[in-house]
Amino acid sequence: MERRHDYKGDNISEETTLDWRGKPSNSLKHGGMKAAAFVLGVQGFEIMAIAAVGNNLITYVINEMHFSLSKSANVVTNFIGTVFLLALLGGYLSDSYLGCFWTMLIFGFVELSGFILLSVQAHLPQLKPPNCNMVTDGEHCVEAKGFKALIFFTALYLVALGSGCVKPNMIAHGADQFNYQDNPKQSKQLSRYFNAAYFAFSMGELIALTVLVWVQTHSGMDLGFGISAAAMAMGLISLVGGTLLYRNKPPQGSIFTPMVQVFMAAFSKRKEVCPSDARVLHGSHSIKGPNSNATISDDMAILHHTNQFRFLDKACIKVQDGNSTKESPWKLCTVNQVEQVKILISVIPIFACTIVFNTILAQLQTFSVQQGSSMNTKLTKSFHIPPASLQAIPYIMLIFLVPLYDTFFVPFARKITGHDSGVTPLQRIGLGLFVATFSMVSAALMEYKRRNAAVILNKTLSIFWITPQFLIFGVSEMFTAVGLIEFFYKQSVKGMQSFLTAITYCSYSFGFYLSSVLVSLVNKITSNSSHGGWLSDNNLNKDRLDLFYWLLAVLSFLNFFNYLFWARWYSRNRSSSSSATIQHDFISKVTGDDTIA
């Protein structure tokens, strides 16, 4: 049986993980990298399946469903945005009611059914409008409506629902296999797992952007969607294959109820004055006791009082004497509950600082591909590089770079910093945000060179001139994406790991939304009577995409300094709470994990 006990006076915190039968797990039989390897299989196959659909979906919507260009673009962006937003639902259901394994299994089959339905529709002429060439006969093509449109959108959003709910749980369930809080060796393995998860992600994306997109283009979308279904089925087989090895964290009940109770209790006692001595606050000495109204589970860490967000401390003020009827949990909370909420509030600025990073990613998937379309795509006399396949460049590099990072850089940095991951998650995020700026600098310089060559010299540059911006961003993403997931997973808000991981996916949605807003604002601000703005034409030789890239580079650089401020603010505030946890020496080491040098 695998349990953790922490003592300080009468305080006891216990963590229990279960095997597949619901019995306490055994550290000799369950968990570790052998169990996490099966979860990595799920991640690789799932991203392969969803990326192959998402990256080439606009082709299917235009050519097969005969939607207009603007409507097709909205279908794709709404689909991608829905996938990432539904990650919140997946994280909530997992932490509150189902657990990671069952959430992945249930919604994995939902996603698989969506892929199968897409494949069936793409194969059967009865489920599509009549064949028509949208390029030459666009005005006469019949758009898919009624039952045919219903089948398409049902299939598409089954995929979105399944993928959205599976994504955060893949990372969380794999990380749950490591008892990093008690075992320093497993803490190192956890860091290695996060790198391995990104390697699996990169491999899946690479195969999707090359092999699967090529199959869709040359052998038909029905076969392409069918391969996505097969890949998802392989992912589910991998998930089930590790059932006997998993250590599973049981769901905690509604994860939002304790948080809402804190805000309601603090609001109801807003006129009370916070005591100067925090020891008189309810639950300041014990997490659970005979008079405790806490709804915190045994699996949550015991946290002591900190001075940030003092207005929430009013939720812990006792207004009745010991002989009175105990107050409702909606009016009286423990210090532990309040500190959990404080942690959640304190990580919001870190999350917000990654939105600009994902706005840059949006440019690489849109304008940079458009750049490639206006360049010489010939690799040989008979072979042309599809501009969309440029997105595979970072992943080609990362399948080599990630193992090198984990094998050489982490051990070297560990000797200097003493940190299990080589550098802390916050340092890793900051390094990635800094490097991302140079991706846009490279993009701006290359676009200026490309535009001048086309307009002044009447020359078409090779598409390989724009590869540096993809390569630089790939390095940036390796640091930022992995660091962000590790940072959120290691927060002391126990029982919410899947939901916190899901929050990181929302940054993608917000980044894409911000990109759309920026494009509209830039066009509006830079337009005048003689021209319509930097990005108003469909012709890049007339637009000033280079200036837009310089704007993003400046925003990214400013965002980096904004991140430094909030990272230091977070480290400063949380360092005080780290010394207040039950097992002082060990927890201090863990929270040192989240400081910036």
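Glycine residues also receive a Cβ, built from the backbone N, Cα and C atoms like all the rest.
Annotation comment: TrEMBL describes 35-55 (among others) as transmembrane segment.
The feature transmembrane segment is assigned by TrEMBL to 75-93 (among others). Sequence-distant contacts of the transmembrane segment (75-93), counting only residues of its own chain at least 6 positions beyond either end whose CB sits under 8 Å from a CB of the stretch, comprise 50, 54, 57-58, 61, 67, 103, 107, 156-157, 159-161, 163-169, 172, 255-256, 496, 498-503, 505-506, 508-509, 512-513, 516.
Annotation source TrEMBL lists transmembrane segment at 100-120 (among others). Taking Cβ pairs closer than 8 Å, the transmembrane segment (100-120) reaches residues 42, 46, 49-50, 53, 90, 93-94, 127, 151-152, 154-166, 169-170, 172-173, 176, 222-223, 225-226, 228-229, 232-233, 235-236, 239-240, 243, 246, 248-249, 498 in its own chain, all 6 or more past its ends.
Marked as transmembrane segment by TrEMBL: 149-172 (among others).
TrEMBL lists 193-217 (among others) with the feature transmembrane segment.
Outside the transmembrane segment (223-246) by six or more residues, the chain places 19-20, 29-31, 34-35, 37-39, 41-46, 48-50, 52-53, 56, 101, 104-105, 108-109, 111-112, 115-116, 118-119, 122-123, 173, 176-177, 212-213, 215-216 with a CB less than 8 A from a CB of the stretch. Annotation source TrEMBL lists transmembrane segment at 223-246 (among others).
Sequence-distant contacts of the transmembrane segment (343-364) (same chain, at least 6 residues past either end, Cβ-Cβ under 8 Å): 259, 303, 308-309, 391, 426, 429, 432-433, 436, 439-440, 443, 469-470, 473, 476-477, 480, 484, 487-488, 491-493, 500, 503-504, 506-508, 510-512, 514-515, 518, 549, 552, 555-556, 559, 562-563, 566-567, 569-570, 573-574, 577. Here TrEMBL flags 343-364 (among others) as transmembrane segment.
Annotation source TrEMBL lists transmembrane segment at 392-413 (among others).
Feature annotation from TrEMBL assigns transmembrane segment to 425-446 (among others). Counting same-chain residues at least six beyond the ends of the transmembrane segment (425-446), those with a Cβ under 8 angstroms from any Cβ of the stretch are 350, 353-354, 357, 360, 363-364, 368, 371, 465-466, 468-470, 472-473, 475-484, 486-487, 490, 546-547, 549-550, 552-553, 556-557, 559-560, 563-564, 567, 570-571, 593-597.
According to TrEMBL, the feature transmembrane segment maps to 466-487 (among others).
According to TrEMBL, the feature transmembrane segment maps to 499-522 (among others). Counting only same-chain residues 6+ beyond the ends of the transmembrane segment (499-522), those with a CB under 8 A from a CB of the stretch are 77, 80-81, 84-85, 87-88, 90-92, 94-95, 167-169, 171-172, 255, 347, 351, 354-363, 366, 481, 484-485, 488-489, 491, 493, 533-535, 548, 551-552.
The feature transmembrane segment is assigned by TrEMBL to 547-566 (among others).
Within the same chain, the transmembrane segment (466-487) packs against the transmembrane segment (193-217): three or more Cβ pairs sit under 8 Å, each pair at least 6 residues apart. Beyond its flanks by at least six residues, the transmembrane segment (392-413) meets 191-192, 195-196, 198-199, 202-203, 205-206, 209-210, 419, 421-423, 467, 470-471, 473-475, 477-478 of its own chain at Cβ-Cβ distances under 8 Å.
For the transmembrane segment (149-172), same-chain residues at least 6 beyond its ends with a Cβ under 8 Å from one of its own Cβ atoms are 39, 42-43, 46, 50, 53, 57, 65, 75, 79, 82-87, 89-91, 93-94, 100, 103-104, 107-115, 117-118, 121, 127, 194, 197, 485, 489, 497-499, 501-502, 504-505.
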